[in-house]
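Positions annotated as compositional bias 'Acidic residues' by Swiss-Prot: 1-12, 76-93. The region 'Disordered' feature in Swiss-Prot is assigned to 1-136, 239-258, 274-314. Per Swiss-Prot, the feature compositional bias 'Polar residues' maps to 46-56. If you look up Swiss-Prot, you'll see 94-119 marked as compositional bias 'Basic and acidic residues'. Per Swiss-Prot, the feature coiled coil maps to 173-224; the stated evidence is sequence analysis. Annotation source Swiss-Prot lists compositional bias 'Basic residues' at 290-314.
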Amino acid sequence: MKDLSLDEDSDGVDAPRAAQWVDDNDTSGSGESAAEDSSTEASSSRLKTLQSNLSNLPLGALRKAQRVLKQVEPISDSDDSSGDELEDDTGESESEHEPGLGSSKGKEWSVKPRFDISKRSSKHAPTEVTSKRPVTRRRTVVEVPKLVARDPRFLPTAGEFAEEKFQKQYAFLTDAHKTELRTLRENLKRARKFLASSPREHREEREQEVYRLEQAVKRTESLVNKDRLDQVLREALGKATKEEKTKRKQGKGGWWMKESDKRELLTQARYEALAADGGSRAVKKAIEKKQKKVSQKEKKSRPYPPSRKKRRVE
């Protein structure tokens, strides 16, 4: 039995065998498919990690990244377009111009906006502007006079300002102010009556109406008082100038009133008019009010020594 088995083994060694040949393309294709599978898996895992990271990022960082990308995109587009244009220009120059005749020069300036100028860091920073701009082709051949708006009240053709004539022409304003004050006082009296007997839902509206009328009465009273005071001062100055004219006719030399004398004359005329309306008590009250105002002003301007804190003696 052993001899038979040895014979069979020796026969199998000498027997012809089939060669197992494998194409190299098949092996390389299988390797490439495996590499592609691994790369797709890696890219998908990378995308997942990026998405998870982006979802965890704050909105401020995302907005900043979007802003940076928007600034980078036009620059890259302009670079690509400039490269293409350069290639086209070189191709055209090689085809059109013969060697030895010289090359065409590019433009020194361009109307197209520049993308390499960065934006300002803040709105208070200075703006960067390109210096390569074309000179304007416009030329001023004929000088056109510029139209200036003028107020006809202050033209030399209107003449000088005459205060007496102005007061005569606009004397109706004082009467209008008095009539307006009388009407406003009547309306205020009526509004206060309505406020006293008004229901709760209309009370706030009527209070606002009363307040508005009170403010209007105060404004009109100040206008009427100013008109009366101006008239008193005008009459005082007119009386002084008339006396001076009569003295000059009698042979007195020229004399002009000083500012201090004028101020004293106007103060005296104001107090006389106040005494005519309210008596000596009103004049005394006005003088006390003026003195109090002056003393308060002096007190504010007075230098005070540094405050010393008193210590308690135990």
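Just so it is clear, glycine is given a Cβ too, placed from its N, Cα and C backbone atoms.
When pLDDT is averaged over the coiled coil (173-224), the result is 92.
Across the compositional bias 'Polar residues' (46-56), the DSSP tally of helix, strand and coil residues reads 11 helix, 0 strand, 0 coil.
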